[in-house]
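Heads up: the structure comes next, in structure tokens.
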Amino acid sequence: MSCARALAACCLWRLRTGALQPLSAYGRRISVRFCSSGMTLDNINREAVDRIIRVDHAGEYGANRIYAGQMAVLGRTSIGPVIQKMWDQEKDHLKKFNELMVAFRVRPTVLMPFWNVVGFALGAGTALLGKEGAMACTVAVEESIAHHYNNQIRTLMEKEPEKYEELLQVIKKFRDEELEHHDIGLEHDAELAPAYVVLKSVIQAGCKVAIYLSERL
């Protein structure tokens, strides 16, 4: 498919947190940019890219819901601005993956409504344990996401990395920001949370299940 035809098709729709809406001018530029740099719908491994974009979109959506839950409980406390800053970065991540979903015609996971509820509940629930509980959740989730992004980087590097240069740049940038969030959590007493090791292990086990399901459903 030519860039012009891909652009014409993409202009008909846009994804915002799982809903299809008309594509904005910004989304159109994203589609053209990827076409012009060599990463088109024709010359990529569609199955691999579909899985990567779908699961990353779901992960960033879930992260947004977690931070929303934390802010609902701790937004007016001293840790509120710290959580808000991390949440703002996660909003940028989600926006980018919304655009990539449109540009590469990737459907969202069918589990979006489930992650909506579970993410908020996890964020609010751990925040009810106090600042330390919220930060423990942040450490567990961000560590899992960073590890997941590293796996994706290795996968794309094995599949003619020059074709996926821009996608690799996005994933690497977001991986680094997730690691920053991880370190912020540790700096704000995550390890002082009640039953920290158990809590972290349970959350990370849930993250593994979420990644597995979101790639496939």
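All positions are counted from 1 along the displayed chain.
Backbone N, Cα and C atoms are what each Cβ position is placed from, and that goes for glycine too.
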From Glu166, Glu178, Glu180, the one annotated by Swiss-Prot with Glu60, Glu90, His93 for Fe cation 1: Glu178
Fe cation 2 site partner of Glu90, Glu178, His181 (as recorded in Swiss-Prot), chosen from Glu132, Glu142, Glu143: Glu142
Site co-member for NADH according to Swiss-Prot, given Lys208, Tyr212, Arg216, out of Arg51, Arg65: Arg51
Alpha-carbon spacing, His93 (Fe cation 1 binding site) to Arg51 (NADH binding site), which is rounded to whole Å: 17
CB-centroid shell, 8 A cutoff, NADH site Arg51, Lys208, Tyr212, Arg216, site residues removed: Val55, Ile211, Leu213, Ser214, Glu215
Closest of Glu60, Glu90, Glu142, Glu178, His181 to Arg216 (NADH binding site), Cα positions, binding-site residues only: Glu60
Arg51, His93, His181, Lys208, Arg216 as binding-site residues, winner by CB count within 10 A: His181
Nearest recorded site to Arg51 (NADH binding site) by CA-CA distance, among binding-site residues Glu60, Glu90, Glu142, His181: Glu60
